[in-house]
Amino acid sequence: MGRAAATAGGGGGARRWLPWLGLCFWAAGTAAARGTDNGEALPESIPSAPGTLPHFIEEPDDAYIIKSNPIALRCKARPAMQIFFKCNGEWVHQNEHVSEETLDESSGLKVREVFINVTRQQVEDFHGPEDYWCQCVAWSHLGTSKSRKASVRIAYLRKNFEQDPQGREVPIEGMIVLHCRPPEGVPAAEVEWLKNEEPIDSEQDENIDTRADHNLIIRQARLSDSGNYTCMAANIVAKRRSLSATVVVYVNGGWSSWTEWSACNVRCGRGWQKRSRTCTNPAPLNGGAFCEGMSVQKITCTSLCPVDGSWEVWSEWSVCSPECEHLRIRECTAPPPRNGGKFCEGLSQESENCTDGLCILDKKPLHEIKPQSIENASDIALYSGLGAAVVAVAVLVIGVTLYRRSQSDYGVDVIDSSALTGGFQTFNFKTVRQGNSLLLNSAMQPDLTVSRTYSGPICLQDPLDKELMTESSLFNPLSDIKVKVQSSFMVSLGVSERAEYHGKNHSRTFPHGNNHSFSTMHPRNKMPYIQNLSSLPTRTELRTTGVFGHLGGRLVMPNTGVSLLIPHGAIPEENSWEIYMSINQGEPSLQSDGSEVLLSPEVTCGPPDMIVTTPFALTIPHCADVSSEHWNIHLKKRTQQGKWEEVMSVEDESTSCYCLLDPFACHVLLDSFGTYALTGEPITDCAVKQLKVAVFGCMSCNSLDYNLRVYCVDNTPCAFQEVVSDERHQGGQLLEEPKLLHFKGNTFSLQISVLDIPPFLWRIKPFTACQEVPFSRVWCSNRQPLHCAFSLERYTPTTTQLSCKICIRQLKGHEQILQVQTSILESERETITFFAQEDSTFPAQTGPKAFKIPYSIRQRICATFDTPNAKGKDWQMLAQKNSINRNLSYFATQSSPSAVILNLWEARHQHDGDLDSLACALEEIGRTHTKLSNISESQLDEADFNYSRQNGL
């Protein structure tokens, strides 16, 4: 029978008589008390026999019901005539009480003990505002006493932890905090930590604390702290185990000390020394990072080489002495011994008989005695003869020189001293009497070699060009070149003779550097070809201009990677144009469609109504990674209505224009001016854009704050130039050399974080240590420069050095680290160069000095390869050797395919001027020609020989 039934049944009878019984006891006690003290209170002198209220010796304790087992509540009081339990405000039935009565021998008072059982069902059926509770009520003849309330709850422990500990990887001596929230239970579970199934005693290890809200804290991690940690929760019902958390304590590698510098690897001259260090202090453990930096350092060393002495030439013999001997001497000065070198071996003085043995001391033969006058006369005759010979030779040299000048094809110099150093590298080739005429550096041993160095361009016009085309073969000795013969000492040092060029005077040949002459060729009222630049767009842009004529030239936008090459002859004779080029730095007018992105700046060249007779070359930088075929790249042009239309795909075949895609730039051959741009459509998620990442820093208004700005822009020079310009206005300084980041088109975002900030010198403002940029914002970063700002604060004004790492990484992609090590004081900061200086000077170069290949050499190359050849030695092989293997139909439509190929070569090599690559290509063609000659029939050889003679090849 349940507790409710007992309360309803037996409890009702108890309520009827228990109060009355208590009232009787109370009345009796009151009457006795009234007889002694007017009924107010018992006197203190009365013994505790029948005049004491019940005192509880044992009160009921809180209890928990485990599973279905009932619990017993007991209480004990003295003196007590009766004890009853009251649960949840209701009396417990008398039948449910079990009581015992004993006598306290020390006091002689009765001691009554009562207990009851409480079942799980009784507790579950109770629905009160508080827990199930019971208390004892004891009666004596003086009154009643109540015990404390004892709560009865059903014990349980849930299965699942509210929070399982998570595995951690921490550096050695770092802090480890493992969180554990045990399952809900009654009573609350106690937590114990296990390491590798062994209990952890925090009292025996001061480094471990398990008292903080069930968490495990290891203050300084040691290698021995690595292991599997388990949180154990237990109460009187059950035990529960959490998931194991693996803790790995790793050790980042540290460099050992540098070794001493090794000895120089060469005994003399320029060599190197090295020193090394190992990543063993400590060695990386448990997946710790390997040491950053180089394990080997090298420096150059220069040791003075010992120079052995060498004799000068012997001096002239001295005058014959009275002893019939004359002397000659030499000195050890060619060169003198230096740096411990050996002294010259041999005699420094030599003597011999000067009379062929006919000299007799004190008695000379009669025929050897000459008057003094005769000897003087012979000396005069000797010197007179030598003088006459010198004069004759000088007259002969002058006569030959004048004769050759009168017979030369060219009457005046068309290059000055400035042209000899006109900005391109020297072009060396050797001419041989026999061998392949196409080889720039023939492998055959010539019997006569003339070495020439072309140090400047040649300014030649059409009539002169025709004469040049009828000269001898391409690399035979040139009749229009005179060579200055230098001393044998210069030849021994390998210094090539400098060639001087002479040409006929021409009315349309202008001196170098006089570019202004082009603009003054026509009267001001007759200038239909000079365009006004006021019609240029007024948007934010970079712009450069130059005046060009028939000789052509090059227009360069400094530090942007954009350039324009006007070939020789592209502009008709006696015409000149003011050509401009600009880059849009505002909001791009080309709006991307779908997945298409802008890969280059919008470049405008003009004037748009200018007509050229030969395609010009426009170089536009781009930011696509073209090493893999994941892009579909298009060239687009803006129409007069402001719309963009596709000109061609880079991989398509076209005869209207030609695109050559290099890793960082696209070279386009065009015949009309306008606004052009490159767009790309990623074919797969592996398409990669090249981003340039850089960090700038500057002090803020608060003297303790320092601002870092991290930029991620397209890897084009003009995009970074815009960033540099903005930072200069804000007072920012470049803190680390920019680096390249490959950003995939996989839709994952970019994270930028600041790491390794000195903890006691600097602190970073909250919530700014790591910033995330959405993918679309980075993928279309050409709209405006993308940057994230970080604010650092110094603890004290005395801190002037800042060191930290900036990590730029794409989720599931590549990452780049910028190591900042700088002083925040501008006076102590090392300046980092923004751009190479090669574009910063001469934005407009006109005439021959703008080209790397001398014009005469260019004309002969074109004459050689434009003519079809039975052996395949034509312009197609020239294109192949210059890595031009596609869309050859474009060159076939040109009047001179070789000239267009060389124009493309000029555009690709505008910075390096690598004439060696062109020389190697021609040399390779020469070898192929030789191989074909060896396997051909004699008739074919003879025919080709006659053909070469007729065409001057």
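We number each residue from 1, going along the chain as drawn.
Quick reminder: no glycine exception, Cβ is built from N, Cα and C everywhere.
If you look up Swiss-Prot, you'll see 252-306 marked as domain 'TSP type-1 1', on the strength of sequence analysis.
Per-residue pLDDT, averaged across the domain 'TSP type-1 2' (308-360), gives 86. Sequence annotations record features per position, and here Swiss-Prot assigns domain 'TSP type-1 2' to 308-360 based on sequence analysis.
Feature annotation from Swiss-Prot assigns domain 'ZU5' to 542-682.
In the domain 'Death' (859-936), helix, strand and coil residues by DSSP number 51 helix, 0 strand, 27 coil. Positions annotated as domain 'Death' by Swiss-Prot: 859-936.
Feature annotation from Swiss-Prot assigns N-linked glycosylation site to Asn117 (among others); the stated evidence is sequence analysis. Within the same chain, residues at least 6 positions away in sequence whose Cβ sits under 8 Å from that of Asn117 (N-linked glycosylation site) are Pro70, Ile71, Ala72, Leu73, Glu96. Annotation note: Asn117 (N-linked glycosylation site) sits in a strand segment as assigned by DSSP.
Taking the Cβ of Asn228 (N-linked glycosylation site) as reference, residues of its chain lying under 8 Å away and at least six apart in sequence are, in sequence order, Lys195, Asn196, Ser244, Ala245, Thr246, Val247. Annotation comment: Swiss-Prot describes Asn228 (among others) as N-linked glycosylation site, evidence class sequence analysis.
Under the three-state DSSP scheme, Asn353 (N-linked glycosylation site) falls in the strand class. Sequence annotations record features per position, and here Swiss-Prot assigns N-linked glycosylation site to Asn353 (among others) based on sequence analysis.
Sequence annotations record features per position, and here Swiss-Prot assigns N-linked glycosylation site to Asn376 (among others) based on sequence analysis.
Here Swiss-Prot flags 33-379 as topological domain 'Extracellular'.
Taken from Swiss-Prot, the feature transmembrane segment applies to 380-400.
Helix, strand and coil counts under DSSP for the domain 'ZU5' (542-682) come to 0 helix, 71 strand, 70 coil.
Secondary structure from DSSP puts Asn228 (N-linked glycosylation site) in a beta strand.
Counted within 10 Å of its Cβ, the other Cβ atoms near Asn353 (N-linked glycosylation site) come to 13, all protein chains included. As a summary of secondary structure, the domain 'TSP type-1 1' (252-306) carries 0 helix, 17 strand, 38 coil according to DSSP.
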